[in-house]
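What TrEMBL lists as disulfide bond is C149-C188. TrEMBL lists 28-246 with the feature domain 'Lipid-binding serum glycoprotein N-terminal'. The domain 'Lipid-binding serum glycoprotein C-terminal' annotation in TrEMBL covers 261-487. Taken from TrEMBL, the feature signal peptide applies to 1-18.
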Amino acid sequence: MAAGSCLLLLLLPSLVTASHSPPGCKIRITSKGLDLVKQEGLRFVEQELQNITVSDLHGSEGQFQYNISQVKVTDLQLAFSDLNFQPQQHLVFNINNASISLRFRRQLLYWFFYDIGSINASADGVYIYTVLQLAKDEAGRLKISNMTCDASIARMHAGFSGTLRKVYEFLSTFIVTGMRYLLSQQICPSLEHASLVLLNSLLDTVPVRNYVDEHVGIDYSLLRDPSISPDTLDLDFKGMFFPRVREDQELENHAVEPVIKETERMVYVAFSEYFFDSAMHSYFQAGVLTIELQGEKVPKDLEVLLRATFFGTIFMLSPSVDAPLRLVLQVSAPPRCTIKPSGTSVSVSAFLNISLVPPDRPPVQLSSMAMETKLSAKVFLQGKALRVQLDLRRYGWGATGAWGESPLHPTHNYFFLSRFRIYSKQSALESLALFSLQAPLKTLLQLTIMPIINERTKKGVQIPLPEGMDFTREVVTNHAGFLTVGADLHFSKGLREVIEKYRPVPTTAAYSSSQTADPSLDPSSL
């Protein structure tokens with residue numbers, strides 16, 4: 001028994017760690033963001049309620065026989081509505097004192113008198129209270145897992161016209177009571193379908209595990225159910241890149257967990273060092289962190305510099321003096337990202353092999369250098385894509401640029417100092433000879449190699465937001481071990497537009513079965 005207790009104590013730390021894996025990416029939606037969602041959601045609810053279908057009402061009262069059909073919602077007034085966070089996993093949406101205007105067809109048979117026409121009605125004091133439970137599904141996607149709803153109508157009025165107006169007024173209490181009951185019974189099923197089916201189809205547009213390019217993919221699956229406070233909704237995403245050649249590969253996360261404290265903007269997205277490290281590790285595993293330049297692709301200035309540096313060696317290879325140069329730059333280990341309040345940097349170790357390539361002869365290696373550099377990183381958003389631009393130059397801090405070569409953008413993140421060092425893999429003497437090559441080679445690498453690298457990363461990676469929702473007024477802020485992007489939101493597409501885009505096309509059979517037959521005008525059918 002004692003041994004079992006000791007074993008449990010030893011396993012407890014690992015069990016706690018496993019149950020709370022730190023996220024590589026974290027998103028916080030604030031109450032300001034929820035207000036924007038409420039505005040768009042209210043339009044969506046109006047559209048859903050306008051499509052309510054109410055069953056026909058028919059029956060008899062003494063010698064009277066009646067049929068109420070083709071009920072249509074003509075107008076809605078949802079003036080008082082609210083959408084709030086409710087700890088721990090819920091959103092509460094309620095509507096008070098709303099009104100719904102209706103128009104329906106009437107048919108009446110009284111002895112030998114037959115009357116048809118339309119009736120305009122109004123449902124007032126409409127009350128709707130819905131609670132949406134949010135959770136992650138088995139695939140790690142955010143879903144509305146459950147919904148509770150309560151709806152009621154305080155009063156309903158109907159206006160009658162025609163030859164039998166007095167008769168309808170006599171029956172109005174019975175007809176209006178029946179219509180109020182039927183209408184109130186259709187509100188919650190309509191909203192339940194809108195939430196559990198239509199809104200969940202919108203959440204399906206959030207990328208969970210998808211490919212970034214032909215080399216790597218990214219896993220944005222939720223690690224746990226959302227955490228909701230009275231003012232915020234927090235989502236913890238795995239935020240891990242993976243190489244497509246090894247999709248089941250897992251990179252353990254030892255980075256600092258992002259902590260979002262701000263609430264001033266509509267949304268905050270935080271990325272830890274793990275997010276960027278897993279991207280660079282995946283590209284390294286995919287074997288694409290190699291650049292080869294040969295012949296005319298080698299910049300002329302760089303070729304002249306290298307031929308002058310290795311003139312003695314080349315001169316000894318007399319037949320190969322005019323042979324084209326080949327440069328192979330290969331990263332030797334996965335690069336590492338460091339995020340500090342002062343900025344972001346990427347540490348890279350690489351080999352630079354310089355060779356002559358005589359026609360119809362084996363390549364002749366002139367030098368094999370080891371390179372260590374700390375690149376400055378500029379992190380910014382473009383649309384919904386997070387992009388990183390690397391640089392070898394030194395920058396100062398400032399919204400308009402202090403001592404950098406180009407003006408700095410106030411919403412971008414910069415690192416102040418880049419480091420560059422080369423040395424020979426063969427001997428200390430050759431390393432000393434290469435020292436004079438360090439500064440010009442750094443400049444030429446900045447002008448030739450860095451544009452190639454930045455072109456490859458130009459596409460960026462999409463942030464997990466639903467289709468039709470975009471960022472505005474982004475600001476990047478650095479912290480110790482992670483960075484945050486604070487932004488406001490706007491809808492480039494309406495909820496209805498996105499939902500209709502992904503709505504399954506109904507089959508012919510399903511469509512025909514859903515059609516309701518027009519009521520008969522034959523009095524005998526009553």
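Using the three backbone atoms N, Cα and C, a Cβ is placed for every residue, glycine included.
Caution: TrEMBL annotation is automatic and unverified by curators.
Here the domain 'Lipid-binding serum glycoprotein C-terminal' (261-487) has a mean pLDDT of 77 out of 100. Sequence-distant neighbours of C149 (disulfide bond) (same chain, six or more apart, CB under 8 Å from its CB) are I128, Y129, T130, V131, I187, C188, L191, E192, listed in sequence order. When Cβ atoms from all protein chains are considered, those within 10 Å of C188 (disulfide bond) total 17, not counting its own.
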